[in-house]
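Notes follow once the structure below has been shown.
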Amino acid sequence: MQQGTLMRKVKSKSWKKQRYFKLQDDCMTIWYQSKRTGKIESAFSISDVETVREGHQSEVLQSLAEEFPPERCFTIVFYGRRGNLDLIAGSAEEAQCWVQGLRQLIEPRSFPLTSALVSRTWIRDWFQKADKNKDGRMNFKEVQRLLKMMNVDMNEDHALRLFQAADKSESGTLEGEEFVLFYKALTQREEVLSLFQDFSEDGKKLTLLELVDFLRQEQLEDEGTEELAMELIDKYEPSETARARHVLSADGFLMYLCSPEGSIFNPRHRALWQDMSQPLCHYFISSSHNTYLIEDQIRGQSSIEGYIRALKRGCRCLEVDCWDGPNGEPMVYHGHTFTSKIPFREVVSTLGKTSWGNSSSLPPPMGVSPPSSHPRRELVVLPPAVRGPRGQQVPWRRWAPQGADSPSTTLQELKHKILLKGKKIGRLEDMLDGPGDEAPDVSDDDNGAEAEEERRRVKVGGLGWGPSALQKDKESLAQVLSDCVVYCKNVSFRGFQEARSHSRPSEISSLAEAKARKLIRDAGNEFVRHNTWQLTRIYPSGMRTDSSNYSPHEMWNVGCQIVALNFQTAGMEMDLCDGLFSQNGRCGYVLKPFFMRDEETLFNPSDPGSREGPGPITLTIQVISGQQLPKVANSKDGAIIDPLVRVEIHGVPADQAHQETKYIENNGFNPRWDETLQFQLHVPELALIRFVVEDYDKTSRNDFVGQFTLAFANIKPGYRHIHLLSKDGTGIPPSSLFVHIRITE
């Protein structure tokens, strides 16, 4: 066995230990051992790895940027709350070898059954977990243990029959291909085989014409169906002979149904598919609140990891709160609290490196909400990262096209730009045409009476601070910082009539969630109209010190573009956010429905009849089966889940609904429900569909197992698989649901 690759494992600027890292022969496990003692310290499975980041894309590696070049550095990011693994290779070539190798192993897993290699690797991983004595063989007792681990409560006689049928050598144990045979028998999909045989004349294959019939009748593919059928055979049929004859076997049919083309999510909508030439206010924008925090709002940790995670998740509006630090250097943290602090320079550096990735096609503009309390002159260090893509030294004001104060300024014109939201001296016209004589306007709606009172309740009542700590330092606003604010000038919201009379499209108002809800109740249509020409930002209540979230869909229902959430807190609210922005290339911008872009619209979310367009539609969902559902976290050894599926509709009030299936006792491996749920949607353009799997418990609250959320517009009808996500939004392959979707008017 080779010794492995010698790399530095880094935990802090001062903690750098050399370790040998090696990918095991199974291509599934990585271990690392101490250079000094030779002792294996730890091991992890490839299935635990979410992604690999190149360069200085972690807080620790950024602190070592002057010591080690980015070409030698990379970060392994794990699923869940496990800490990242920061590594420094001996050379750029070694780093690339590990980065590319790991990516090749982890990238196909989103749809594991589309790759024989990945499927076999996944099977081998289970084999190793159950092979307690590590002899490369598995007796029947170990097989029974494996079934428990895989969430299967199978009759012992049936399990023994499957075992004996796979034991071709009659040795009383399974090894190698024998275990693969056992696994195939275990995972036989009767519901898929039955569907296959409904369209196959001989029950063994689908001819090209039979596959075309299936695609047209069931999958509702009505364009280029024959070409699509040929593509699916070439891509998913494992037999070369069958491919040559243009037929699809049962295995190929299953692979297609488990593939991106067989997913409930329209694969065409994964890429950039919407019109990106509309005004900025015509889009929903993925937005975070206090992006630097990765824990609670009072004592939590501030970290650039918060920015990295948000940007990788598609967030396009970030928050940067700057305050005085040592020696006058600005620091980023939650003011008047005990959160930790990070230097402003590190935040700017991170934004410059992470904002656009490697894409040069259409990374849309990114909004940054900079200092709201201490607009210091030192903050003009922003320019190399903020002025232009890849450090382009161009003053922000020169980017403003003629008529920048008009709603005609489009997303396309602003691509590769960073927009600053903040206070401003004077008006935009003064900056474009020359200095004006108007007195400085440094109003900050985030610090209005309602927000200030909210802060007072939290900080005085909750922490026992005196009123003097709440006094604001009214420093003068630096002109050079003011000039950076073009499209997102903060203005206080004083009512829709006042906004129509005096506000401009280049301005933005921020509202606390409670204020927004009151406006939705009292003036829903006016709110929608307001958001057709001006940006509105919604932020969480100051009472949410635990970093909990409000439900964003009610804000989207009136067209609010910047609905800021605490990205660090998993739950239904972030599921909805991820579900909406998982489309359109995950660019963080989603075009609002046509009736929310018309300044004369009559739409009011409380009155679905006010929507222009066709009448209600009926969404029918047959929940057929589940596959390899995960166990509940921290469950007892041998515990097996009793899964049920709940389907939730999040949209306008008239469409809010949920229904659920019965629970299946003791079967998380291949439960069958065969239940039909039906919903009527009055405003499908605003509907989000959330599929939730739970472990039923008759004496306490059900436990979360997995979920998947998507916008109604992205649903593909027909027989589809839903690839489940964990509570924090990461994949849990190969867990999935199999459903049949119908949409009728």
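Backbone N, Cα and C atoms are what each Cβ position is placed from, and that goes for glycine too.
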Which is it, of 387-409, 525-547, that TrEMBL names as region 'Disordered'? 387-409
Its residues classified by DSSP, the domain 'PH' (1-107) shows 27 helix, 42 strand, 38 coil
Over the domain 'C2' (597-726), what does the predicted model average in pLDDT? 94
DSSP composition of the domain 'C2' (597-726), residue counts helix/strand/coil, works out to 12 helix, 62 strand, 56 coil
